[in-house]
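Quick look at what TrEMBL annotates:
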type	residues	note
REGION	1-80	region 'Disordered'
COMPBIAS	25-39	compositional bias 'Basic and acidic residues'
DOMAIN	30-185	domain 'C2'
COMPBIAS	40-53	compositional bias 'Basic residues'
COMPBIAS	56-69	compositional bias 'Gly residues'
DOMAIN	507-628	domain 'MHD1'
DOMAIN	724-838	domain 'MHD2'
DOMAIN	848-976	domain 'C2'
Amino acid sequence: MLGIHPTGGRETPPASPRAPTEAINEGKLDSPKSEGEKPVRKHSFRLSFKRRTGAVEGGGGRSGKGGGAPDSTPPPTLNNAVPARFIRATSVRSKTLNPKWNEKFRFDIDDISTDRLHLDIWDHDDETSVLEAVSSLNKVRGVKGLGRFFKEIAQSTRAGNNDDFLGCVNITLKDLPSTGMENWYSLMGRSNRSNVQGRIKLRLWLSTREDRGLSEEDPWTEVTQHAHLISIFISHELRLHAGNSESWPGDLSQEALTILHQHAIQGDITEVQQALCQWVAHARRHLSAPLNYSLLHQLLIDLDRLWAEGLSIEEEQLLADTFNIFVQHCTEAIRKMRYHFPSNDRAALSRLDFLLRCLALACEMEAFKTVCPFEPDVRSEVSSVLKKGTRDWYRILDRGEDVNTSLDEEEELERMNVVVTLCNADLLDAVQCYHRLFDQNLELQFFPLVYRQLERLVNDDAAQLFEKIPCEGDVQGTLEGLSARMLATGQSSEALPEALTVSPSLFDLFLSLQEFYKYGEQLPDKRPECSNVCYTWFVPLLDRWMAIAKYRVLRRVLKAVEKETVATGTEDGMIKYHTSAVDVVTAFEHVKSFWKLLYWSDVSTSSAFLSKVVDVLTCGAILYADCVQHRLYHQLSTNRVVDPSEKICIALNDLDHVHRSWESALHDLDLESSEPLSQFMVESESQFSQRFGLILQNIIEKLRPGLGKKMFHLAWSPDSLPASEALYPLLQYLDAQLTCLIHKLLKRSSLRVLSALWDVVLLELTTQSFSEDLPASQVENVTGFHRRLYDALVLLRGYFSAGGLGLSEAELKSPRYFETEKLLQLQTATTENLLDQWYRDRLTEQEKMETTPYGILYVRAYFHHDSLTVEVIRARDIIPLDPNGFSDPFVQLELLPERVFPHCRMQQTQVQKRTLNPEFDEYFEFSVRKEQCRCPNGMILFTVMDHDVLTANDFAGEALLPLSLIPGSGSASTVDNFHGLKPFDLPLSFVSSSKDHFPPLSSDSILLKALEQRSLDRSAQEFVKRQKARMETTGNTWN
């Protein structure tokens, strides 16, 4: 219960007889008044509204905050009348120690300086409760009835001898500020013996209203007046503001704030109504004079914070109308956002940010949901206006300044290129600026929405444009014919006629469209087929572009060679080249940049076009190499050149310039991922190497005679002269020649010269090694002669390496180097080692044979008790060596090497007449020890011969069987017969002397040549004689 407790006025007169003092003390009202005296309203509180007797001043009833504390001064005992409208009661909160009411009460105040607010808290009884007693307040009739009413309240508090009083609060009203107050107040008891605890939170404010005969709860007139006042003050402030309306911070003068505050008090306008008025006034003003959206956003925040249901229908309708108008205004601004909020204006982007924040906040506000329950979703509205705004903006771009002017093909291309370029700029702004703002505030995917609108529009316009572009006849065939003619004749053609060219605007449009469709790759549900449309339009045009590029590159190569001059690449002027090389390199860079700029990512056609780019570069490079070679040949053939080496060096530098550019371009194109193109690159590199070799051949021919003389001096030096001293004249000669050349060459060209010279040196060493006219002093010491050459090879390898400045290790160890090294190593070996190597090579070849063109020999063998037993079983499919188509074969058996088995003579089988599949079934025994059988090179040589009566026997093939494979020879187990032994099937092989099977630098030819040079070694000469005889009898000639 709560009510107003007046503390001023006169003393109450003595009670009349009809109203005894006891009745007054019990809360009854004394109705008579003194004659001639103006009646004054007095209030008498007993029990519930009785001050705490003997209370200590200042105790228990003050809040923890400032003004408006409850008054602990005991009020005087008043025995006066109390109108019922001064007392109010809240609803009951059941079963709680922390009740929440949130109820509002209004009291009329007579004297603000003396009146107090008194509040009691009671516990509700289920029988006759205080609330029931108070509910009978409307039944009170007269003064006596009011006294009885307070008596009933007092009796209800003593029912059942239960003290239901929970505490009270007294608040002096004169301390309330004009802005109102909200505080926690501690509860006080009725006496010092009262056991009271707890606090209550109250919000108090004062207001004045004119009595117009209207409901006290309907301040509609005051609300409209308040909003109008705010509008007047806003207009005044905008007139005084120096800048535009958007820069006004929203601050009102202190006088305006005072007036608004006073008006709100007088009109009893609540805080939420004041927030409503502020929003309505600013939102309306925003329609005519745009205000700062951050100010509007703050007003929405205040309205949302103070919002509570309970506004009148008129107020809610006013708020709904304002919301609708504001949302429409914002969506219209978003539709034209490219004009109102440009991406390069930070202030404009800030305004857009707060505009979107306003819309986002409106979506979530309870006020908006309450007053606009059936309005469309704000996000849907924004999405719709974004689509429409994008379409409108594109139509303005596409329409241009004059829609009635007809454009030709070139102008149409330029116009479309401008439109697509502006769309790309718009999409860039969408990605970098707008998308983040819409996503953060409205959770709206701005970029995908805008891109899909522009994609449809661009696709339609581009498709219509390319339908208008005419397709001429076989333009590409004509261009390829012109290029082929230049490659064949080496003569340049005239410039292309205009009908065969392609407009540069098409290329610009392709780049713009390609950039446009790249934005589509950022979509979460990107569609590759959309970007493929772009490539479909340009495939025929790119074919023509490639043909034009090839023609222009070839023509530029020939024109550059025609107009070339000599230039120097260093300050000292030693390294020279022609300007034509620079021109060709520039042309290659243009082609490479053109392809990189295209960024043709269509998988179905990219490989084909990449191969055409490679063809353009390669044809241009090969054509230039042919021109350089032809120019050098013409210069050297005139016999007027004083120093041919300078011309050769310039030609090498020219070719090196172009070759490096060609390699770099192909490397940048990443050809390794395409196997066909990689193979094409290998073939092209081979063509370059061939042309380099032809130019280097001029240098080698010049150096070869002097190099041969110095190498001969090395070979014929006395045995007493060390190899390093014998090599000195050759190194001096090489120094003199290379110093003159290398200073005139680029790095890679100088390395090519070194490589070519290294091959010549190796060839000369090989020639000297194979010399048949050895010095007389070297005939008895053949191995020493070749050891000198081998030592020279090691020294020369270090010379050409030059401590890492010359040829690399991989370049030094070329195939010819390994052949020369192996040759000299074999020639320095002993005769026995050479013979062992010969048969090891034969065995290796036999094991690698996959076919048996000369037949198969089947044998068995075992070792037992110092005896090697061999069974020759049969042979199959031996070659026919007689005119009748057959052979008379027999088999010879030898144990190798002879030095290990000196006492084991050769044995042979019987001759089998007229057959190619002889059956021998013969056994042979050799007396050997197990230690002999364990020799690493131990083996049995089976030689199949064709028996002739009048002439020498013919060689039909041979096979080898290592002793390590024979049972009993290498293991601890013993075998004493052939039972259970599996036969060996040995393929027969030939040692051919033809060049196809026996090249001059093969291991076999080197071995025989090394053995043949040892004229004083009987075993070597016999072996060579036998091998040659076998080759000659089979119709082969050994060279």
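One is the number of the first residue shown, and numbering goes on along the chain from there.
Including glycine, each Cβ sits where the backbone N, Cα and C put it.
Secondary structure of the domain 'MHD2' (724-838) per DSSP (helix as H, G, I; strand as E, B; remaining residues coil): 92 helix, 0 strand, 23 coil. Note on the domain 'MHD1' (507-628): DSSP counts are 97 helix, 6 strand, 19 coil.
Mean pLDDT of the predicted structure over the domain 'MHD1' (507-628): 84. Mapped onto DSSP classes, the domain 'C2' (848-976) shows 8 helix, 56 strand, 65 coil.
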